[in-house]
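Colleague: Next up is a structure, given as structure tokens.
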């Protein structure tokens, strides 16, 4: 599920990257087909996490049910490399988004005078606001999950078992990762007025 969440964030960033950095190509590349693929792909990747249950594991009769012992080091290493690669791609795309937005606000926006250009300005500003939300979500996700993934990467590379202290730290870092799911709704409520309005509508006590 961590892989699915991370890939979903990356694909959302990709959507904003194309919309802001290559607006003239957006309708060509982001169509119904690619949108469906972007929705399905993260869940196809989730199938990868079923591999330990299909035999890619170290399970033996009477073995202690310790996460670090049950799964193959190759599995640990593969998942960590995938997640760090996705995080790096998301970070690089978001840097390009910020660069384009900065250039837009400092050079392009002051020159928009006629009605057509004003409409383009409003569309660009909407895309930038959406990209900000995606950027905050991506940043919080990385802060919550990458520390624990660093310990998993250490498990994959090192032949030594975790010390009791490192194991305890790893257990708490798992909770930090899970906490990411608690934070996201607050991010949307903070950055997305439409999300806030819909929440108020859903949880309203009014029966009218």
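Yeah, the Cβs are placed from backbone N, Cα and C, and that goes for glycine too.
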Colleague: Can you identify, from 74-97, 98-121, the stretch that TrEMBL calls transmembrane segment?
Modeller: 74-97
Colleague: Need the matching range: TrEMBL marks transmembrane segment on one of 10-29, 130-149, and I'd like to know which.
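Modeller: It is 130-149 that TrEMBL annotates as transmembrane segment.
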Colleague: Against which stretches of its own chain does the transmembrane segment (169-190) lie, if we need a Cβ under 8 Å and a gap of at least six residues from its ends?
Modeller: 2, 5, 68, 133, 136-137, 140-141, 144-145, 147-148, 151, 162, 196, 199
Colleague: Checking distant contacts: for the transmembrane segment (130-149), what same-chain residues at least six beyond its ends satisfy Cβ-Cβ under 8 A?
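Modeller: Contacts with the transmembrane segment (130-149): 2, 5-6, 9-10, 12-13, 16-17, 19-20, 79-80, 83-84, 87, 90-91, 94, 97-98, 101, 170, 173-174, 176-177, 179-180, 183-184, 187-188, 191-192.
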Colleague: Quickly jot the same-chain residues contacting the transmembrane segment (35-54) by Cβ under 8 Å, restricted to those at least six beyond its ends, or write none.
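Modeller: Residues packing against the transmembrane segment (35-54) from afar: 1, 3-5, 7-8, 11, 14-15, 70-72, 75, 79.
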Colleague: As a test of reading the model: what is the averaged pLDDT for the domain 'G-protein coupled receptors family 1 profile' (1-188)?
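Modeller: PLDDT averaged over the stretch: 82.
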